[in-house]
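Taken straight from TrEMBL:
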COMPBIAS  44-54  compositional bias 'Low complexity'
COMPBIAS  96-105  compositional bias 'Polar residues'
DOMAIN    147-223  domain 'Cytochrome b5 heme-binding'
REGION    1-113  region 'Disordered'
Amino acid sequence: MSWLVPSLPTWARATPASSSTTPIEEDDVDAPPPFPLLNSHQRSSAPAPSFSVAPPSPKKSLEDVEPPSDLNIAISDSPLGNMAPPPSTVKKPSFGIQTGGSDPSAQEAKGAVKKKRAKVALTPGHSALDWARLTSSGEDLRGVSGFQRVTMAELKEHNTPDDAWSAFNGMVYNITPYLPFHPGGEDELMRVAGRDGTKLFMLTHSWVNMDFMLKECMVGVLVRG
């Protein structure tokens, strides 16, 4: 008789399908994916890091130390047999200092060195400043009238302190007024009186401006021949 009873409709609640993944929250939409991915080959095959500490190295005992070699032989201060030490080990270095006596070669070298010329103390009123004042005073320091042509024979006649001429670089000067002003002394300057003193002047004080210093003492030009 069951076919006479109409079947009533039934409502069953649908169960959601099971999923193995977790739903993504709205806040994690822009989150970057993990690397490597959870189910990737890199993550499954990556070995686990190991942080094991190496064991300390064993300490060496005194028994493990190698004995000294037989070649480390101390050298005695005394000579070995009849063999004397080399001269360089027994001769005390002098460092260029002579302990006694004199070295002939050193004396010869010292004698070859030219002695430095010492300046002579000038009398008051004969300094370089006094000479500059004298040359600018207008006083006649030439001793001649006009520009002269001086020959070598005429130059030799003026060789006394009261009348001394000398030639420098082809020009003849009356050096008598300058004798008491010469820093090397009158005797040193008289060595060039009556002759050409260019060579001696260049050897002693070539840096001096002779033309400017004795321009007021110029006599003339030297004529050779």
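Cβ from N, Cα, C; glycine included.
According to DSSP, the secondary structure content of the domain 'Cytochrome b5 heme-binding' (147-223) in residues is 30 helix, 23 strand, 24 coil. Mean per-residue pLDDT, taken over the domain 'Cytochrome b5 heme-binding' (147-223), amounts to 94.
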